[in-house]
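Taken from TrEMBL, the feature domain 'Major facilitator superfamily (MFS) profile' covers 1-415. For 29-49, 58-76, 82-104, 116-137, 143-164, 226-245, 277-295, 328-349, 391-410, the entry in TrEMBL reads transmembrane segment.
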Amino acid sequence: MADSMEMTILSILSPALHCDWKITQYQQALTTTVVFLGMMISSTFWGVLSDKYGRKQALTVCSVLLFYFALMSSFAPSFGWILFLRGLVGFAIGCVPQSVTLYAEFLPTKQRAKCVVLLDCFWALGACFEVLLALFVMPTLGWKWLLGLSTIPLFAFACACPWLPESARYHVASGQTEQAEATLQKIARDNGKPMLVGRLVMEDGQMSIRGRVRDLLSREYRKTSLLLWTIWIATAFCYYGVVLMTTELFENKAPCPGPGPCESECKRLSSSDYMDLLWTTLAEFPGIFATIFVIERFGRKKTIAAQFLVYTVSMAILHLSMDNRAYLTGMLFISRGIVAGIFQAAYVYTPEVYPTPLRAVGVGTCSAMARLGAMVTPYVAQVLLKTSTTWAVSIYAATAVVAAMAALCLPYETKGAEMKETMVRNQHK
């Protein structure tokens with residue numbers, strides 16, 4: 001939820017800086033790009049850290065850093081300071097995907113997909129809360145107060161981190177079987193269930209290869225990793241494209257459907273704009289529930305591919321009636337819901353396909369690759385859009401088609417499969 005609020009700010013902050021500090025279109029895009037640059041640089045780092053020192057330790061450090069840098073952003077005296085501090089915010093956010101790794105490692109196979117996807121409800125809730133907060137804060141107090149107030153959930157999470165349990169799978173993978181048994185005993189006690197009888201063991205040699213990025217490109221995982229990186233790049237490109245495009249389209253009185261520069265004068269978001277933004281943000285909830293329904297029936301690969309194709313259609317017809325506000329809001333609603341579901345399906349599949357010694361670094365590297373797409377998307381959704389809406393939405397549609405093909409080419413379907421503890425050479429198909 002806290003992560004979502006910090007990311008939702010990106011679509012609200014740039015138009016505000018455009019009006020207050022007279023920054024250019026490219027500077028608006030740069031405000032978003034630096035956050036994703038920080039995330040790209042740090043995601044693999046946090047993944048390696050999580051595999052070597054534990055998921056809980058990495059999340060604790062990143063939550064403190066994220067709160068501090070986000071709060072300092074609200075005191076930024078100049079555009080240069082905003083870029084610097086928001087880049088550091090992005091660096092800290094790069095660890096957030098490890099929360100999914102930690103969560104998934106506690107879940108049983110039958111409930112894993114549903115629970116991981118439901119986790120996105122809190123992302124959607126955070127995005128909605130940020131829009132509502134902006135609705136009341138921006139017209140009176142301005143963007144600095146919005147940045148400051150948005151750090152409250154971060155502070156709450158940082159304070160709660162000492163009570164987070166460490167992953168029992170991580171403890172076993174790192175040879176700490178006593179700690180793993182203690183965690184499992186506490187889980188059994190809290191659930192009123194008897195502790196299973198047996199010994200926790202780890203195959204010889206596995207502890208020495210935890211957190212190695214090069215193993216993602218070994219013969220067993222090379223094809224999977226390359227295709228997943230393609231999917232994650234496209235997903236972030238398409239998701240944040242819709243997020244940024246929404247405020248840009250609502251900000252402009254008359255979006256340009258074809259070639260030629262659009263009007264670039266300052267126009268602050270109105271209450272009506274914020275309400276429409278809220279409606280499109282609410283689309284994530286039906287997208288989440290639709291993904292839950294589909295992913296356990298048709299599998300991870302087919303779900304991701306089908307959702308990308310639906311996104312392609314919604315983008316392809318978005319520009320057909322740009323002057324109709326209801327049509328525009330409706331198509332953005334569909335696009336936002338679908339691409340939110342894609343993100344969650346990817347978050348389900350990625351931890352499932354990698355073994356415990358590589359799980360955190362695998363998720364972290366995928367997240368880092370996603371930031372490549374997120375870094376590029378502001379120049380389409382915030383810059384190219386002002387020149388030609390048709391070209392902008394066409395790029396998003398074409399990207400989704402490529403990602404759909406990549407999803408279908410993934411070599412392994414993880415539906416119903418147990419999470420792997422060791423780097424085995426045969427996987428479920």
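Backbone N, Cα and C define each Cβ position, glycine as well.
All TrEMBL annotations are machine predictions without curation.
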For this session: May I ask whether the transmembrane segment (116-137) has at least three C-beta pairs under 8 Å with the transmembrane segment (328-349), counting pairs 6 or more apart in sequence?
Result: yes
Exercise. Would you call the transmembrane segment (277-295) and the transmembrane segment (116-137) in contact, using three or more Cβ pairs under 8 Å, pairs 6 or more apart in sequence?
Worked result: yes
Seminar exercise, completed: For the transmembrane segment (82-104), the candidate among 29-49, 116-137, 226-245, 391-410 having the most Cβ pairs under 8 Å is 29-49
Exercise. Residues of the same chain, at least six outside the transmembrane segment (29-49), with any C-beta under 8 angstroms of its C-beta?
Worked result: 7, 10, 13-14, 17, 23, 57-58, 62, 82-83, 86-95, 97-98, 211, 213, 236, 240, 244, 360-365, 367-372, 374-375, 377-379, 382-383
Exercise. On the 0 to 100 scale, where does the mean pLDDT of the domain 'Major facilitator superfamily (MFS) profile' (1-415) fall?
Worked result: 84
